Amino acid sequence: MDGLRQRFERLLEQRNLATEALGALEAKTGVDKRYLAAGAATLLSLYLLFGFGASLLCNVIGFVYPAYASIKAIESPSKDDDTVWLTYWVVYGLFGLAEFFSDLLLSWFPFYYAGKCAFLLFCMIPGPWNGAHMLYHRAIRPLFLKHHEAVDSVVREFSGRALDVAAGITRDVLQTLARGRALVTPTAALGADPKASVSLLQKDK
């Protein structure tokens with residue numbers, strides 16, 4: 001319990017958007033930011049359990065702050081934070097893919113959105129216990145290193161076939177346009193020059 005409390009306090013000591021907002025509230029209200037954070041977490045949990053629009057709120061939590069932090073990471077000279085948030089988005093994308101197939105079943109469970117929100121927060125919290133870092137290095141990276149050559153081969157083959165199909169379609173379209181232009185050009189010339197039309201009719205006779 002003491003270890004969890006220490007982690008919580010170290011998390012509040014870090015500088016980010018959430019801790020800055022808590023610091024501003026602490027300065028205005030005089031309430032310790034630890035109690036403010038605990039109260040906000042409790043209200044959020046209750047809303048995710050019983051409130052309307054829990055799915056939207058959960059997706060906003062999992063997207064808005066990470067997107068903001070990612071933009072800051074892109075603009076910063078350091079590359080370490082880029083790696084942190086790239087790792088988060090890899091995990092977030094795979095989680096979203098898995099959720100697409102399981103959401104219809106799991107969403108009926110009463111604690112689903114609270115658990116989903118807790119998982120996303122676990123994936124984005126800074127520090128050595130960052131969930132995205134742990135999942136990437138323990139599960140995703142080993143699978144990637146094992147199968148990435150086969151995946152690259154399939155992607156190259158698919159890309160080559162797609163380029164061949166696109167080239168064939170483009171060639172057929174250009175040939176069709178060229179034939180249509182060849183048919184339209186004599187008719188347009190006849191309409192523009194009546195004498196030429198008469199001479200051509202006489203030749204036909």
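Just so you know, glycine gets a Cβ as well, placed from its N, Cα and C.
Residues or ranges marked as coiled coil by TrEMBL: 1-28. Over the coiled coil (1-28) the predicted model carries a mean pLDDT of 65.
Annotation comment: TrEMBL describes 35-65 (among others) as transmembrane segment.
Distant neighbours of the transmembrane segment (85-106): 62-63, 66, 69-70, 73, 112, 116, 119-120, 123-124, 131-133, 135-136, 140; these residues of the same chain sit at least 6 beyond its ends, with a Cβ under 8 Å from one of its Cβ atoms. Annotation comment: TrEMBL describes 85-106 (among others) as transmembrane segment.
According to TrEMBL, the transmembrane segment annotation covers 118-136 (among others).
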